[in-house]
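Let me begin by handing over the structure; questions about it come next.
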């Protein structure tokens, strides 16, 4: 907690240094002997550019020796000159925490972008963004499913409450839309608190997200933190920690279950690579930083459940050139409890969410956790889809007529299952003209069990397109057949 007295003491203890070198976002600063600031401390320096004064925050990254430190600037360094006075704040970068952050947009430094009255307010509690993960004895050992109401997720890749979920996919397959949908569903169904960290987010996307959430009435339960694409790499590297710190307060102090959305974790890795290069470190595989695994671990280990409360994290992961062996997505895989792969070939069929049911995984899809019936139905669905995939080469060469009657039935059911795994989203209503749908898990299991049993073999494939539950299927069937 930061109080007014602590602020005053910190100002009195502030140490002055001077800038000795500026190379882009890297600033070297000299301090008096014995008064070097600690690693990760925030420093401030006044910059005048075109008669406009601004304060630039620097974060200590390295001690170089000879009373020199190397820092990363959290803002453009235009106008910064050698000899400029630098002040050590004696604390790391901090962000506001508590109910005051809900419904507002912040940058990585904790400055509110939509209500400046919240800035520099001594009555608002602030936490430093560099924190230790919970100790082992604080961790929650119980495993619980997080029901989303999205059929393909709940049935085939169930999410863990308090777990880490990765949304993998190339550009334009629907990662951000799925994240927006999850924010909406959590706010509507659970009245839960969400924190959105936009790492290297496009300004247009951030604006759209803010306006859509405001329109749908879920903004008041969400805090948004953005490190935009045009900002220095230091900002993009720290914004995920800023959002996580806000989420930790809701978990640890208010005892809430929180959802943390990070879009996009690849840009967190990318920013770390840029910072590593600026600091002069030797690059590792494919040009990434040698500290990639360590930096990812520092972030991911803080995202966890403690006794009675949780942070559930949904992380969009851009896959460069759809290459899953790239070190960035490969390093992320190791920390995840569930992976949802969004597939371009499924999106091209007009099926959304474009989740690939054969490559998406969840560690809790086992009978002891989800139950025997759920597990059995999910395996039957996967089996039918896998068999259909194996038959595609035969169909492409010889045609459907060369298949056995049993295989023809399997292919027909697989097509219905594929289409029924699609679902209209609440956030897509204005684009599709169709209302969004929330399908309870029990209804999802019932529906797919009946499809696998052949109860709907006489229904045309079109009756299953982008719908909610079986009631929607039956209504579509009546509309198509006129019965």
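Heads up, the Cβ atoms here are built off N, Cα and C, so glycines get one too.
Source: prediction; values computed, not measured.
Dumping what Swiss-Prot says about this protein:
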type	residues	note
BINDING	169, 170, 171, 172, 173, 174, 175, 176	ATP binding site
Would you mind checking how many other C-beta atoms are within 10 angstroms of the C-beta on residue 169 (ATP binding site)?
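Neighbour count, Cβ to Cβ under the 10 Å cut-off: 24.
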According to DSSP, which of helix, strand or coil covers residue 169 (ATP binding site)?
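Residue 169 (ATP binding site) sits in a strand per DSSP.
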If you count other C-beta atoms within 10 angstroms, which of the binding-site residues 170, 172, 174 is the most crowded?
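The residue with the densest Cβ neighbourhood is 174.
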Relative to the mean position of the Cβ atoms of 169, 170, 171, 172, 173, 174, 175, 176, the recorded ATP site, which additional same-chain residues have Cβ within 8 Å?
318, 342, 347
Near residue 175 (ATP binding site), which residues of its chain come within a Cβ-Cβ distance under 8 Å, counting only those 6 or more away in sequence?
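In sequence order, the residues whose Cβ lies under 8 Å from that of residue 175 (ATP binding site) (at least 6 apart) are 167, 169, 263, 264, 316, 317, 318, 342.
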Hey, which of the binding-site residues 171, 173 is the loneliest by Cβ count within 10 Å?
171
